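K.L.:
Quick one: this structure, given as structure tokens, is what I'll be asking you about.
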Amino acid sequence: GQLTVVLMLATLISAFGSSFQYGYNVAVINSPSQFIQQFYNTTYVERYGGPMEDSFLTLLWSLSVSMFPLGGLFGSLMVAPLVNKLGRKGTLLFNNIFSVVPAVMMGVSEIAESYEIIIVARIIVGICAGLSSNVVPMYLGELSPKNLRGAIGVVPQLFITIGILSAQVLGISSILGNNTGWPLMLGLTGIPALVELLLLPFFPESPRYMLIQRGDDKTARRALQRLRGWEDVDREMDEMRLEHQSEQAEGRLSVLNLLSLRSLRWQLISIVAMNMGQQLSGINAIYYYADSIYSSAGVPESDIQYVTVGTGAVNVFMTITAVFIVEAAGRRLLLLIGFGICCVSCALLTVALTFQVSHTWMPYVSIACVIVYVVGHAVGPSTIPYVVTTEMFRQSSRPAAFMVAGSIHWLSNFTVGLVFPFMESGLGSNSFIIFCFICLATLFYIWLIVPETKNKTFLEISQMFADRNQVEIQVGNAPLKPETGDGREGDAFKVTAF
């Protein structure tokens, strides 16, 4: 398959309209936090005639931050029913309701003199992020030819990092990160949603969804022809029909079915391990510590915001690199390298933070560890789990699998946000030793269990797991002939219905 104009535009529009918002809303609340908290206090004084207690302000601010991942969890739980009912593209269009409405709410919160509006809006925009973080990789994975599936699958994560960087840039005090600009900054999240609402309807729905789940052969063929740029799509249509035949015994799987199916046991364990490893590896803690690390290295307080933007730019650059190397290097290698770099960086950062008072050059080692950690996380842990989740499951089980993966992702994110402040106050810099061991454990799991999935069809990947799951797969009496690396058909293997 080739990167056609239709495939490229569908990728960019869906990633900008949905994934960008996820990244933007992760970071948008950080830079203007002091001004938003001032607004909370001022509103409280105007209502009740006295200043807000510090403990209550802390509680409100914690709610404002933590409601976003909680909304993400709710959004993940909605994935399977929505994508089965509305389709992949239909769900992305419907999801923009959860962006435009909170954008308006946050934009008018100061005029309305209500901090409650911001907290409620953060839950709603979290639902948007929970849906988009799962549905965009699913949609693009089903649109892509197998030789481009990895590269296109990394694009949503690229737009998440661009969203984070955009929020960091707009959060500079001379732009919108100030007392008058923060409502507009919070409200800008609605713009990508409007762009997606206007443009995405002109692009095709997932051909796999149309053929396998809707039984609409004609629409699926037409969509595939637009995406591939040529008329002859019989081979790919046959592959999808073969996948459909192998799944007919299963029917459409719910989460409970998924948890009980022996044939998908190791795929399910693998996506849980990778999503937990991604979020519990310490990325949020690194960003939490970054400002104090930069400050201890002698970076002036007024310049730390620019260094933070620089770190965000490194994240974007390395994610772009991952787009271009994932098909050559493979998913498994990038995951191993990424978690390895994160593991070593956490160990060295613990040492550097412990001795930075007694050695004047140690703060610079700390800064280097932060940057190297961001590089490692961007190359593997941030980007690849979404790609592999798409590839490990077939059409009937993919929505339920993304529902499980997304729930684990957001639950882990919420847990880190809740637990890390207590870890930091109790363990200090030694907190990163825990993250080091989590990275190491995830690395060993991937090394032992997760196979390489690049340039494989979904059926071939299922067959790779069949031996480990101790099941046999078969489609009627017809043997399935996997392709060899040069595009020729290889030796036949038998595939039977589970």
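Cβ coordinates are placed from backbone N, Cα and C, and glycine is handled just like the others.
According to TrEMBL:
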SIGNAL    1-17  signal peptide
DOMAIN    11-454  domain 'Major facilitator superfamily (MFS) profile'
TRANSMEM  59-80  transmembrane segment
TRANSMEM  92-111  transmembrane segment
TRANSMEM  117-140  transmembrane segment
TRANSMEM  152-176  transmembrane segment
TRANSMEM  182-203  transmembrane segment
TRANSMEM  268-289  transmembrane segment
TRANSMEM  304-326  transmembrane segment
TRANSMEM  333-355  transmembrane segment
TRANSMEM  361-388  transmembrane segment
TRANSMEM  400-420  transmembrane segment
TRANSMEM  432-450  transmembrane segment
K.L.:
List, by number or range, the same-chain residues at least 6 past the signal peptide (1-17) whose CB is under 8 A from its CB atoms?
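P.N.:
Same-chain contacts beyond the flanks: 89, 92, 96, 136, 139-140, 143-148, 152, 155-156, 158-159, 192-193, 195-197, 199-200, 203-204, 226-229.
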K.L.:
Any residues 6+ beyond the ends of the transmembrane segment (92-111) with a Cβ under 8 Å from its own?
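P.N.:
Long-range Cβ neighbours of the transmembrane segment (92-111): 14, 17-18, 21, 39, 75, 82, 86, 117-118, 120-122, 124-125, 127-128, 131-132, 135-136, 139, 183-184, 186-194, 196-197, 200-201.
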K.L.:
Cβ under 8 Å to the transmembrane segment (400-420), counting only same-chain residues 6 or more beyond its ends: which ones?
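P.N.:
Result: 65-66, 69-70, 72-73, 75-77, 79-80, 83, 130, 133-135, 137-138, 253-255, 257-259, 264, 267-268, 271-272, 275-276, 278-280, 284-285, 288, 385, 389, 392-393, 431.
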K.L.:
Which stretch, 59-80, 152-176, 304-326, 333-355, 361-388, tops the Cβ pairs under 8 Å count with the transmembrane segment (268-289)?
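P.N.:
Counting Cβ pairs under 8 Å, the winner is 361-388.
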K.L.:
Tell me, what is the mean pLDDT of the domain 'Major facilitator superfamily (MFS) profile' (11-454)?
P.N.:
89
K.L.:
Same-chain Cβ contacts of the transmembrane segment (361-388) under 8 Å, 6 or more residues past its ends?
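P.N.:
Long-range Cβ neighbours of the transmembrane segment (361-388): 133, 137, 141, 149-150, 153-154, 156-158, 160-161, 270-271, 274-275, 277-278, 281-283, 286, 289-290, 293-294, 296-298, 311, 314-315, 318-319, 321-322, 326, 331, 334-342, 345-346, 348-349, 352-353, 355, 405, 442, 450, 453.
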K.L.:
Decide whether the stretches the transmembrane segment (152-176) and the transmembrane segment (333-355) have at least 3 CB pairs under 8 angstroms, with pairs required to be 6 or more apart in sequence.
P.N.:
no
K.L.:
List, by number or range, the same-chain residues at least 6 past the transmembrane segment (182-203) whose CB is under 8 A from its CB atoms?
P.N.:
6, 9-10, 13-14, 16-18, 20-21, 24-25, 28-29, 32, 35-36, 39, 89, 92-93, 96, 99-100, 102-104, 106-111, 118, 121, 125, 128, 167, 170-171, 176
